[in-house]
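Accompanying notes for the structure given below.
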């Protein structure tokens with residue numbers, strides 16, 4: 001019966017071919033489920049020499065296997081038919097792979113060398129991992145990597161490699177007996193990936209969701225992977241980790257001015273510091289054209305390790321050959337990573353940046369400071385710094401441009417604040433009244449910046465914010481307390497607007513309403529913990545927020561993993577677990593476990609408000 005149906009659907013196939021295929025399918029379907037998973041299907045066609053990994057993968061897409069990913073007998077024959085005709089899916093030109101998009105009129109391009117180098121990095125850092133170690137090394141020459149990412153485990157592990165403890169891995173759904181996770185469990189893991197990446201800082205998540213990862217959308221996954229790797233590399237370029245970075249200050253530059261520089265600029269400063277020390281006349285201002293001939297790299301490596309890395313590559317006239325010699329020198333320092341000769345010559349900015357950052361992280365080559373030289377860094381304002389970190393992530397999540405890396409400094413001209421108002425309540429801002437940033441890229445004149453900030457304060461007053469004593473000049477001058485007060489009320493308005501749009505009665509929620517909701521969720525889960533306000537000291541153990549999550553989705557909270565929170569370490573374990581569970585639910589959480597344990601009321605409110613919005 002099935003053979004007749006298939007013969008009608010695929011008249012171009014012989015009866016013998018159809019019978020052979022159905023017989024092959026039945027042998028592969030050892031459990032008699034009536035379907036195969038995609039990895040089994042791909043391997044079957046690869047083993048029988050019917051097509052390469054990428055060809056079979058594209059054929060599966062062409063026969064429109066449903067969202068479950070299950071390949072039924074009819075699909076299996078259809079895949080063979082597509083392979084027999086020839087697959088048109090990808091095209092490679094000069095190291096760039098063009099792939100079909102979601103519709104026939106859309107295509108996307110990915111860089112072949114970037115894919116290869118990022119996969120090599122992942123294979124290296126995940127080797128021996130108890131959960132995914134058996135899945136590496138992943139083939140660097142096929143699209144298998146994107147399929148391996150679908151269940152979120154590889155990406156979760158990569159996030160924790162870049163920024164340790166971002167994800168509490170106890171909340172992840174993991175394979176058992178090598179059986180692939182179902183789509184629902186994959187989406188839960190991918191929620192953790194997306195929402196954790198949003199909270200890492202320095203990562204833009206505006207066009208990728210959990211479903212895109214599940215569907216294996218290559219250009220989106222590769223873009224996310226690059227940002228995660230980049231975040232890990234640049235996160236170590238920090239004066240608190242490397243006080244010797246103080247040596248890079250230029251004449252008449254203050255430490256405060258230096259600390260405002262984004263990490264990429266500090267890397268370029270570091271590169272040029274060594275070139276100058278080597279009496280080399282050239283400088284670098286980018287990670288593309290200025291390094292493409294390999295000369296500056298040759299001098300940098302020689303300066304970092306003269307006994308191992310000579311300047312001999314400068315005598316080589318062929319740039320590709322010189323690039324290879326540069327990387328051979330880097331190999332002597334155990335730093336041949338991310339970059340290839342062709343990527344260097346092509347001036348690939350991502351791979352060059354990764355190479356230089358890795359070089360800095362392993363061989364900074366800066367003399368340690370003695371006691372007299374150590375700079376006086378402002379005392380750490382825990383409350384203010386924690387809030388500034390969360391507010392930075394929140395503002396960046398609104399897709400403001402340029403993105404913020406130095407909270408107080410980046411808000412001084414008022415433009416980001418005004419963009420945020422317009423994102424929260426569209427058409428609030430009359431842009432004709434706003435002073436634009438100079439086209440030259442220079443800093444806006446102070447009086448114009450103050451005018452913008454005055455406008456931002458006025459808009460806040462119109463929204464009923466409490467801004468007594470706050471003027472635009474306070475924002476322009478970088479007043480920490482007053483800037484935080486304004487941005488907090490903007491974020492609070494954003495939370496209440498979101499909840500207002502979701503509530504049936506359309507009621508604007510007060511803090512006490514949110515506290516009551518949290519208490520009701522904790523009670524619903526059968527737990528007795530309650531709080532009086534977002535300042536309640538009992539929040540510090542982390543147990544209350546877990547009880548709230550248990551009330552929302554009881555199966556997500558395993559109380560065997562919950563401690564009494566009696567010590568700071570145990571409380572942080574609880575808080576970290578709660579944050580990852582919230583992200584698994586789909587909540588966008590920007591705070592750190594320490595914010596819950598320290599009972600920072602504004603940040604606890606953000607946590608509860610984000611749960612209410614799920």
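Cβ coordinates come from backbone N, Cα and C, glycine included.
Pulled from Swiss-Prot:
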type: DOMAIN; residues: 16-50; note: domain 'EF-hand 1'
type: BINDING; residues: 29, 31, 35, 40; note: Ca(2+) 1 binding site
type: DOMAIN; residues: 51-86; note: domain 'EF-hand 2'
type: BINDING; residues: 66, 68, 70, 75; note: Ca(2+) 2 binding site
type: REGION; residues: 98-368; note: region 'Actin-binding 1'
type: DOMAIN; residues: 112-233; note: domain 'Calponin-homology (CH) 1'
type: DOMAIN; residues: 261-364; note: domain 'Calponin-homology (CH) 2'
type: REGION; residues: 369-614; note: region 'Actin-binding 2'
type: DOMAIN; residues: 508-614; note: domain 'Calponin-homology (CH) 4'
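The Cβ of residue 40 (Ca(2+) 1 binding site) lies under 8 Å from the Cβ of 28, 71, each on the same chain and at least six residues away in sequence. Annotation for the binding-site residues 29, 31, 75: lowest Cβ count within 10 Å of the residue's own Cβ, 31. Mapped onto DSSP helix, strand and coil, the domain 'EF-hand 2' (51-86) counts 23 helix, 1 strand, 12 coil. Taking CA atoms as the reference points, residue 68 (Ca(2+) 2 binding site) and residue 29 (Ca(2+) 1 binding site) are 16 Å apart.
Cβ proximity to the Ca(2+) 1 site centre (mean Cβ of 29, 31, 35, 40, cutoff 8 Å) flags the following additional same-chain residues: 28, 30, 32, 33, 34, 36, 37. Summarised by DSSP class, the composition of the domain 'EF-hand 1' (16-50) is 23 helix, 1 strand, 11 coil. Between the alpha carbons (Cα) of residue 70 (Ca(2+) 2 binding site) and residue 29 (Ca(2+) 1 binding site) lies a span of roughly 12 Å.
Break the domain 'Calponin-homology (CH) 2' (261-364) down by DSSP state and the numbers are 66 helix, 0 strand, 38 coil.
In terms of Cα distance, the binding-site residues that sit within 10 Å of residue 75 (Ca(2+) 2 binding site) are 35, chosen from 29, 31, 35.
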